[in-house]
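Below is one structure; the comments refer to it alone.
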Amino acid sequence: MIITIDGPSGTGKSTIAKALAKDLNFNYCNTGAMYRTLAYTYLCEPWKHLAIQELIDNPPFSFSFVSGQPLEAFLEGNLLSVELGTPEVANMASKLSQLPEVRFFMQQLQRKYAELGNCVFEGRDMGSKVFPDADVKIFLTASAEVRALRRLKDLPHNSLSKEAVYAQLIKRDETDSQRSLDPLVIPEGAVVLDSSDLTISQVLEKISALISPKLP
């Protein structure tokens, strides 16, 4: 079974997808982390001097594809974690994700991960482009104000103001929804869930109710 969870930044996609995968004992793939891994690498020496095609032709980064474990990212064998969470990396990931060669490269890796079976994929084009025939498609949304507050809590104390985070979210929304290649859209057949006034548990309950009839 393939479950896709798409939506803009700050809607709780990662938290919900990871918890859902754990509840179902499914594999979990955070595709945004895949793009951020490429972005982080591209911002580092010596790879920042390479053309992007050169970088993806011979990537120094890799991803673990192990059944029962979340996908993990490595750069020259070193596990990446907090390095992928900075605004600089997120902004670069958004720019790189607009390149056809980058999207093709990532989508091939994501489909390879799906071969493990029983996966929850979280991203922005999972249900619309990568897995249009997914068994269950969810599109998470929330108000920009709520999303800004959530993102603010994830950042180091006083690193950015609420207004700055809000502006970044609006800009990212515009970039994702207006790009010519695989824009952020509600996938055909997806169930839209507004998480603005819902707890994590409440969102999980709603998604579980959708999935239960489809489980063997």
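Each residue's number is its place along the chain shown, starting with 1.
Even glycines carry a Cβ here, placed using N, Cα and C.
Packing around Ser9 (ATP binding site) is summarised by its Cβ count: 22 other Cβ atoms lie within 10 angstroms of its Cβ, all protein chains included. Per Swiss-Prot, ATP binding site is recorded for Gly7, Pro8, Ser9, Gly10, Thr11, Gly12, Lys13, Ser14, Thr15, and the stated evidence type is sequence analysis.
Apart from Gly7, Pro8, Ser9, Gly10, Thr11, Gly12, Lys13, Ser14, Thr15, the ATP site neighbourhood in this chain, defined by C-beta within 8 angstroms of the site C-beta centre, holds Ile16, Leu140, Ala142, Arg147, Arg150, Ser195. Taking a C-beta cut-off of under 8 angstroms and a sequence separation of 6 or more, Gly7 (ATP binding site) has the following same-chain neighbours: Lys13, Arg124, Ile138, Phe139, Leu140, Thr141, Leu184.
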